[in-house]
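Enquirer: Below you will find the structure I want to go over with you.
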Amino acid sequence: MASNLPIRVGDVHEVALATQLAAVVKRAAQGRPVARINVEIGALRQVVPASLHYAWRFVSRETSLEDSELALEFLPCIIRCDCGFEGGMNGEYSVLCPECGRPGTVIQGEEFRVIDIEVLRSR
């Protein structure tokens, strides 16, 4: 895949995610051109939106995904604790319960999933 977009060192994580995402979307679209991809991303994935959009332009170039819109919805991390607490994290990337200090279970925040794909009939 030829591209004039250079890969930036800080974008490597997002390039890997965009590459995996492109493979999933291409398989689902079955060769049809894609207009839009809606993706949910949890906060614990630590995805930088601008970097993912940049990487998407790189991996989708000269494919049926070129010019598709990548729509991202970011989900906060939510933990549940045995003490009964269910809510946001106690500090950045800490899964300790803000009520009792014990480790909670992450129930939202690790997602990276395609919600839906809008395909076109033809180009």
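Glycine is no exception: its Cβ is also placed from the backbone N, Cα and C atoms.
As annotated by TrEMBL, Ni(2+) binding site applies to His13. TrEMBL lists Cys81, Cys83, Cys97, Cys100 with the feature Zn(2+) binding site.
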Enquirer: Tell me whether Cys83 (Zn(2+) binding site) sits in a helix, a strand or coil according to DSSP.
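Expert: In three-state terms, Cys83 (Zn(2+) binding site) counts as coil.
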Enquirer: Including all protein chains shown, what's the count of other C-beta atoms within 10 A of the C-beta of the residue listed as 'Ni(2+) binding site'?
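Expert: The Cβ of the residue listed as 'Ni(2+) binding site' has 15 Cβ neighbours within 10 Å.
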Enquirer: Whole-number answer please: how many Å between the C-alpha atoms of Cys83 (Zn(2+) binding site) and the residue listed as 'Ni(2+) binding site'?
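Expert: Counting only the Cα atoms, the answer is 35 Å.
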Enquirer: Can you tell me the CA-to-CA distance separating Cys81 (Zn(2+) binding site) and the residue listed as 'Ni(2+) binding site', as a whole number of Å?
Expert: 30
Enquirer: Just to be sure I understand the packing, how many Cβ atoms besides its own are within 10 Å of the Cβ of Cys81 (Zn(2+) binding site)?
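Expert: Excluding its own Cβ, Cys81 (Zn(2+) binding site) sees 19 Cβ atoms within 10 Å.
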Enquirer: Between Cys100 (Zn(2+) binding site) and His13 (Ni(2+) binding site), find the distance joining the two CA atoms and give it rounded to the nearest Å.
Expert: 34
Enquirer: Among the binding-site residues listed here, Cys97, Cys100, which has the most company in the form of other Cβ atoms within 10 Å of its Cβ?
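Expert: Compared across Cys97, Cys100, the most Cβ atoms within 10 Å surround Cys97.
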Enquirer: Taking 10 A as the limit, how many CB atoms besides its own sit near the CB of Cys83 (Zn(2+) binding site)?
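Expert: So the number of other Cβ atoms within 10 Å of Cys83 (Zn(2+) binding site) is 12.
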